[in-house]
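Undergrad: Questions regarding the structure given below will be posed in turn.
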Amino acid sequence: MDVEVLGTLSVREHGVPVVPTAPKPRQVLALLALNADQVVPVSALIDELWGERPPRSARTTLQTYVLQLRELIAQALAHGAGAGERCTAKDVLATVPGGYRLHTRGGHVDYREFDQRAGAGYRAMDAEDYTGAARRLADALGLWNGHALTDIQAGLLIDTEIKRLEEARLCALDQRIEADLRLGRHRELLSELTVLVSQYRMHESLHGQFMLALHRSGRRGEALNVYQRLRSTLVSELGLEPSAALSRLQRSILVARPEAPAGAAPGATGGAGTRLVTR
């Protein structure tokens with residue numbers, strides 16, 4: 001079974017989609033997919049579906065949703081059954097003590113692949129292999145197709161997982177841009193960073209990277225304007241001043257001297273030392 005959540009929900013058995021159209025069964029499948037090969041307690045599924053006020057029939061209704069999912073899985077298994085195929089829908093979506101488990105049986109799970117690729121990119125960054133880091137992190141980000149689970153009606157548990165995945169994506173993106181800056185790709189980054197700082201209006205690391213890319217592209221005034229816009233946003237909406245690291249970068253640009261050359265050590269654009277305020 002192949003599972004994809006880094007975009008719209010896709011769950012396929014033998015290449016056949018098994019995602020239902022009804023919102024509640026889709027929600028059940030999404031939570032199982034986010035915890036593929038792990039037990040999801042019945043209580044967690046009920047909390048996800050109905051929050052603090054589940055109906056008296058919650059368990060029975062949940063069993064109905066599971067039955068609907070198994071019917072779709074059974075159809076997919078029949079479509080792809082080969083000689084000696086003995087797996088049943090109850091094997092794939094198994095009832096276990098206290099809950100249910102969705103077995104992928106070694107299939108592709110995109111968020112696990114993302115973690116593996118991003119981890120390889122972070123290790124390359126630590127080794128100062130910026131070319132390898134940029135490539136591996138770009139490969140990880142290439143698994144995404146929009147925001148996570150955009151087609152799912154999310155309760156508290158799925159919403160929490162979506163936020164975790166989106167934060168992981170943003171961290172990988174931040175480090176991929178950092179690697180590109182170390183490689184001197186300042187001008188190539190400008191259009192991407194223009195969009196990102198408008199999306200993440202209080203993300204200091206992205207703003208610092210944009211400032212540095214502009215300055216190293218000979219656009220010092222625009223770099224300083226980026227700082228002023230961020231400062232105005234932070235002060236007016238949060239009552240905060242920019243971090244010390246970002247303020248140092250601004251001062252270095254003011255005297256026409258970037259905080260560090262293009263191949264400098266980590267932290268030159270705010271990396272680990274810059275407070276991140278995302279929005």
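For all residues, glycine too, the Cβ spot is worked out from N, Cα and C.
Annotations per TrEMBL:
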{"type": "DOMAIN", "residues": "1-104", "note": "domain 'OmpR/PhoB-type'"}
{"type": "DNA_BIND", "residues": "1-104", "note": "DNA-binding region"}
{"type": "REGION", "residues": "260-279", "note": "region 'Disordered'"}
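Walk me through the surroundings of each of these features.
TA: Looking only at the DNA-binding region (1-104), the predicted model's pLDDT averages out at 94.
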Undergrad: Could you tell me how many residues in the DNA-binding region (1-104) are helical, how many are strand and how many are coil under DSSP?
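TA: Across the DNA-binding region (1-104), DSSP assigns the residues as follows: 48 helix, 20 strand, 36 coil.
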